[in-house]
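Comments concern the structure below.
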């Protein structure tokens, strides 16, 4: 059984958090985590010309589902906003923003890597947090089960925290509850936080597939079943359901 991510200090439980929320499995788990540990939670998403923009609709379904799941979470869940980050789609040539096949380059990076995406997302989220008087940012990046993106690494996030605080004269804290969890452990975390109801909500409402497919339902959710994101989610589900745990 996966260990639960370390609880945030008790002194933060009367504070607010801003969750970078895409509508995917990872950010859904992070949103539930934040709702468990912070007194007020707001969310921010990004429209950047992604092929799988169905995730923007999934966000609304997940938010509604979380409100219905637990009254205390509904009371803590605050405003949501989606920011226009379309410039990423304009300047990038990737399989997430263009009609292109998913492959790997000479560095071993998949063509789904959007250069600067998470760097920009954290910066925009920090600006929102500054305006809203929020000190804690929560994101679902990890470097265990991930696609090799350099902007998901722990070193990147730690460096960003320093840079954002220097550049904004703030004391922001960037939380990454999934950083050292694999996908099986992320499913376990959802179960620990919200029971089978949160697992079911994640299966039915959250979206992962890079191709944006919602026509085919699998036991782990909707998607093509073939892209790297679907395969990671499916493999994690299998280990979670069949008890083999983390590899």
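Cβ coordinates come from backbone N, Cα and C, glycine included.
Remember, it's a predicted structure, so these values are computed and weren't measured experimentally.
Database features (Swiss-Prot):
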BINDING   21, 22, 23, 24, 25, 26, 27, 28, 29, 30, 31  ATP binding site
BINDING   209, 224, 227, 230  Zn(2+) binding site
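What Swiss-Prot annotates, mapped onto the structure for a quick look.
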| residue | record | DSSP (3 states) |
| --- | --- | --- |
| 21 | ATP binding site | coil |
| 27 | ATP binding site | helix |
| 209 | Zn(2+) binding site | coil |
| 224 | Zn(2+) binding site | coil |
| 230 | Zn(2+) binding site | helix |
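The least crowded of the binding-site residues 29, 31, 209, 224, 227, judged by other CB atoms within 10 A of its own CB, is 224.
In this structure the C-alpha atoms belonging to residue 29 (ATP binding site) and residue 230 (Zn(2+) binding site) are separated by 17 Å.
Here the CA atom of residue 209 (Zn(2+) binding site) lies 19 Å from the CA atom of residue 31 (ATP binding site). Same-chain residues with CB within 8 A of the center of the 209, 224, 227, 230 CB atoms, the Zn(2+) site residues themselves not counted, are 208, 210, 211, 213, 223, 225, 226, 228, 229, 231. Of all the binding-site residues in the record (21, 23, 25, 27), the one with the smallest CA separation from residue 227 (Zn(2+) binding site) is 25. Nearest in space to residue 21 (ATP binding site), taking C-alpha to C-alpha distance over the binding-site residues 209, 224, 230, is 209. Proximity of residue 25 (ATP binding site) to non-local residues of its own chain (separation of 6 or more, Cβ distance below 8 Å) is seen for 183, 186, 202, 206, 208, 221, 233, given in sequence order. Here residue 23 (ATP binding site) is positioned 11 angstrom away from residue 209 (Zn(2+) binding site), judged by their C-alpha atoms. When the Cα atoms are compared, residue 224 (Zn(2+) binding site) and residue 23 (ATP binding site) turn out to be 17 Å apart. Using a 10 Å Cβ-Cβ cutoff, residue 27 (ATP binding site) registers 24 neighbours. Reported as a whole number, the C-alpha separation between residue 230 (Zn(2+) binding site) and residue 27 (ATP binding site) equals 15 Å.
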